[in-house]
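*Asks:* Next up is a structure, given as structure tokens.
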Amino acid sequence: MVKRYAVILAAGQGTRMKSKQYKVLHPVCGKPMVQHVVDQVLQLGIEKLITVVGFGAEQVKAQLGDQSEYAFQQEQLGTAHAVMQAAPYLQEKDGVTLVVCGDTPLITAETMQALLDHHLATNAKATILTAVADNPAGYGRIVRDAHGNVEKIVEHKDASEQERAIKEINTGTYCFDNKSLFEALTHVSNNNAQGEYYLTDVIEILKSNGSIISAYKAPSFEETIGVNDRVALAEAEKIMRERICRKHMMNGVTIIDPAHTYISAEVRIGRDTVIYPGTVIEGKTVIGEDCTIGPNSEIKDCWIGNGTTIRHSVAHDSEIGNDVTIGPFAHIRPSSKIDDEVRIGNFVEVKKSTFGKGSKASHLSYIGDAEVGVNVNLGCGSITVNYDGKNKHITKIEDGAFIGCNANLIAPVTVGKGAYVAAGSTITDDVPENALSIARARQVNKENYVDRLSIKKNS
């Protein structure tokens, strides 16, 4: 098998993005653009991957880690100059090299594999990934000879009227015979208006040497889109989102309105789960089977079991079990663990807390830094008072306890197994097992008191 290498061009500053963030690190469906490219390239059996970095190099390295080796482009002097930075790693090697831009997040492993196969089948020294564009203005045109081989690439500004009518364009992705690539790079000149070294000149050099230059058409233009500004970023996000939703639907997930459902690239969802509109599912969230999510819910980096319902709610960085009901308008904050058959109702906030199986907080409660046992009932308005102005403290509510409405549990405190806390109580001391704790003033009724007031209501 021919050895395969890849060079990803990720050194451009991306000034048109008008952003402090390095261009290729802008996310598309929750994943940086360059990570999308790397994930696809690594599916091709690549022996060595070189990412060319420049501005923002350390951020790119932090993102990709040991998935790639790195070449540094001190000055951005053109695409050929960028590829040349990979010479110390690759120039003496036999095989083929893919050159891919780090700002093309929609390119797929399938298309790059087809490009490789076509390159080898045609015995070419260079193969260009092309695409057919409805509006090719601004792109270099692919001019082919009678045999279908590439005769030349003509930039839009230099093209004749006949050449401008060509809709097949250069996408900036290539496959080269590796040694031929690096030999040709030594002959590239910057004798042009921009004073830069262009990778397209390699095509002309190889062609002039009598080498075969081939081209492979991508199945769609959208797959080759380069993201250079926020408009293109939004377009890439839209296309990627459609792909992701389609993949989940083909795997047995019902998405009521894909156009208004936002699922990140690394999310996993089980079959027969239903996703309603306005739902955002991000990070590395895993959702089981037979769940109902949404409408208008936000879930990030959660693990969710089977048969769970989350409506009009937010959940982050938490574990939620089977047959749980959350919402509407609940907030599950990070580091919470909700066991099976728990009910977290409307306007309940849970933060860094555990709920045992079958427990309920049905409405209007704050449960923070708490350990809630099995089959606990937290009445309306229950509050774990966890903060003393300096430190957070833990509340423990053991199995089978019953917390009445509008009860304040002042942490650190423990409510024992089967204990009851009367409605309206403020609990500052531990409650023993099976005890009833009442911590409120006794009701006093003053007969005819209103008649003795100096100021009476007007009738």
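We count from 1, first residue shown onward.
A Cβ is built for glycine as well, from the same backbone N, Cα and C atoms used for every other residue.
What Swiss-Prot records for this protein is below:
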type	residues	note
REGION	1-230	region 'Pyrophosphorylase'
BINDING	9-12, LYS23, GLN73, 78-79, GLY140, GLU155, ASN170, ASN228, ARG333, LYS351, TYR366, ASN377	UDP-N-acetyl-alpha-D-glucosamine binding site
BINDING	ASP103, ASN228	Mg(2+) binding site
REGION	231-251	region 'Linker'
REGION	252-459	region 'N-acetyltransferase'
ACT_SITE	HIS363	active site, proton acceptor
BINDING	ASN386, TYR387, ALA423, ARG440	acetyl-CoA binding site
*Asks:* Under DSSP, is TYR387 (acetyl-CoA binding site) part of a helix or a strand, or is it coil?
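*Replies:* Strand, per DSSP.
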*Asks:* Here's one to test understanding: among the binding-site residues ALA11, LYS23, GLY140, TYR366, whose C-alpha is closest in space to the C-alpha of ALA423 (acetyl-CoA binding site)?
*Replies:* TYR366
*Asks:* Under a three-state reading of DSSP, tell me whether TYR366 (UDP-N-acetyl-alpha-D-glucosamine binding site) is helix, strand or coil.
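*Replies:* Strand, per DSSP.
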*Asks:* Which Cβ among the binding-site residues (GLY78, GLY140) has the fewest C-beta neighbours inside 10 Å?
*Replies:* GLY78
*Asks:* Looking only at the region 'Linker' (231-251), what is the mean pLDDT?
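*Replies:* Here the mean pLDDT over the region 'Linker' (231-251) amounts to 98.
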*Asks:* Considering only the recorded positions HIS363, TYR387, ARG440, which residue has the minimal Cα-Cα separation from GLY78 (UDP-N-acetyl-alpha-D-glucosamine binding site)?
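*Replies:* With Cα distances computed to GLY78 (UDP-N-acetyl-alpha-D-glucosamine binding site), the winner among HIS363, TYR387, ARG440 is TYR387.
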*Asks:* Could you state, as a whole number of Å, the largest distance between Cα atoms of any two of ASN386, TYR387, ALA423, ARG440, the listed acetyl-CoA binders?
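*Replies:* Farthest Cα pair among residues binding acetyl-CoA: 22 Å.
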*Asks:* By a simple count, how many Cβ atoms lie within 10 Å of the Cβ of TYR387 (acetyl-CoA binding site), its own Cβ left out?
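*Replies:* Its Cβ has 12 other Cβ atoms within 10 Å.
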*Asks:* Between ASN386 (acetyl-CoA binding site) and ASN228 (Mg(2+) binding site), how far is it from one CA atom to the other, in Å?
*Replies:* 48
